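The feature transmembrane segment is assigned by TrEMBL to 27-49, 70-89, 123-145, 157-180, 200-226, 247-272, 292-318.
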Amino acid sequence: MASPRLETFCCPNRDPATELVVSFQPVLFSALSLGSAAVSLLCSVLQMLPKRKGYRRLGQYPLPRPASSARILFIISICDILGCAGIMVRSSLWLGLPNIINQISVANNTDVWPEVFCVGSAMWIQLFFTASFWWTFCYAVDVFLVVKTSAGISTIILYHMITWGLAVLLCVEGVAMLYYPSISDCEQGLQHAVPHYITTYAPMLLVLVANPVFFHRTIAAVTSLLKGRQGIYTENERRLANDIKMRFFKIMLVFFICWGPNIINESLLFYLEMQADINDISLRNVRNAALITWFIMGILNPMQAFLNTLAFHGWTGFSVDLSLQRRRELGWDSMSTSVTNAGGQNAIVGSTLLYQSHIQETKKSLLGNGQPHSDAISVLSEGNFLHISVENQLMSE
């Protein structure tokens with residue numbers, strides 16, 4: 001699970017609210033987190049492996065080269081998998097070596113390795129899940145730019161600089177302020193911990209607020225493109241637009257399901273911290289709600305890896321194919337293009353929302369002979385590439 005409370009737990013003089021949730025049934029919590037992370041990691045890897053037939057995973061389509069959006073989806077999955085790996089390692093050691101937790105709670109302990117492991121594992125998990133948040137935001141920006149401006153694949157370099165730079169900066173800055181002046185003697189007080197929580201939840205809130213806006217504007221732009229020059233909007237095109245909406249909706253739904261409990265839990269714990277005595281009988285329901293959402297977080301946070309692959313690609317099946325011959329065939333297929341132009345007839349030019357370089361080449365071909373050719377858009381929906389063409393009749397003299 002990715003929560004700033006686990007980094008606060010590394011301080012021996014932790015606050016009462018953090019002590020409440022982290023010390024409640026730690027064995028059960030670690031077991032649930034380990035099981036959820038293991039299932040999510042294995043299913044995510046299975047989703048991303050090449051399949052024998054029927055479904056082609058990302059990067060194996062007959063188009064010139066993958067664009068930034070396709071790579072972003074792959075990087076998001078890698079970040080989620082690495083985050084799950086960190087949860088598995090931490091939960092396994094907490095289950096196998098319970099003395100580590102007890103040693104962390106001892107002030108002025110001469111053995112620094114428990115604290116080093118606690119801080120290191122917490123930072124690993126926070127770093128990759130924070131990077132996943134930033135990449136999810138960049139994905140929303142990228143698909144919007146592709147539809148509006150056909151941005152080039154070179155933007156992926158800028159995305160790397162933004163996501164990894166901000167993820168590392170916020171993670172290091174938050175932890176440095178939290179563990180000041182030292183890990184064994186952290187400064188107490190709610191005001192001291194606030195900057196750390198802001199650096200953790202700021203990218204999460206950015207995705208929750210900004211991504212729906214970008215997705216909505218992308219859908220509006222795609223709908224406009226599907227109508228074409230003649231203003232025709234057929235049932236097939238309407239169905240494609242609905243598929244795009246559903247795909248973006250699934251991405252946001254997964255994010256809300258996996259990280260919504262974190263916001264609720266943190267709000268409850270902050271409320272408890274502002275009380276004079278969190279053990280007061282009047283706060284019983286608040287404490288119970290905080291504990292329930294804490295365990296929900298332990299299960300749902302790691303599941304983002306698997307649920308994201310379902311939202312990105314749909315269920316790809318179990319027919320894994322790792323043969324060299326199959327990969328050679330796929331590499332040969334990738335050299336082909338989907339441009340067809342019969343003399344005097346309607347032309348169907350395949351372009352894809354996630355392959356900007358191909359879109360740019362298509363635009364050049366459309367403007368080449370001065371006649372209104374047909375426009376085509378291919379988009380990712382339900383894990384497959386749905387090809388839809390908006391055909392316009394050639395205007396003869």
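Every residue number used here counts from 1 along the chain in the order it is shown.
Glycine too: its Cβ is placed from the backbone N, Cα and C atoms.
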*asked:* Below 8 Å between Cβ atoms, which of the listed ranges 27-49, 123-145, 157-180, 200-226, 292-318 makes the most pairs with the transmembrane segment (70-89)?
replied: 123-145
*asked:* What residues elsewhere in the chain lie close to the transmembrane segment (123-145), defined as a C-beta under 8 angstroms and at least 6 residues from its ends?
replied: 1-2, 4, 6-7, 68-69, 72-73, 75-76, 79-80, 82-83, 86-87, 90, 151, 155, 159, 162-164, 166-168, 170-171, 175, 200, 203-204, 206-207, 210-211, 214-215, 217-218, 221, 251, 255, 301, 304, 353-354
_Within-chain partners of the transmembrane segment (292-318) [C-beta distance under 8 Å, separation at least 6 from its ends]_ = 1-3, 21, 24, 28-29, 32-33, 36-37, 39-41, 43-44, 46-48, 51, 54-55, 57-58, 73, 76-77, 80-81, 83-84, 87, 129, 132, 247, 250-251, 253-255, 257-259, 261-262, 264-265, 268, 380, 382-384
*Same chain, outside the transmembrane segment (200-226) by at least 6, Cβ under 8 Å from its Cβ: which residues?*
4, 126, 130, 133-134, 136-137, 140-141, 143-144, 147-148, 166-167, 170, 174, 233, 237, 240-241, 244-245, 248, 251-252, 255-256, 259, 262-263, 266, 353, 375, 377, 379, 388, 390
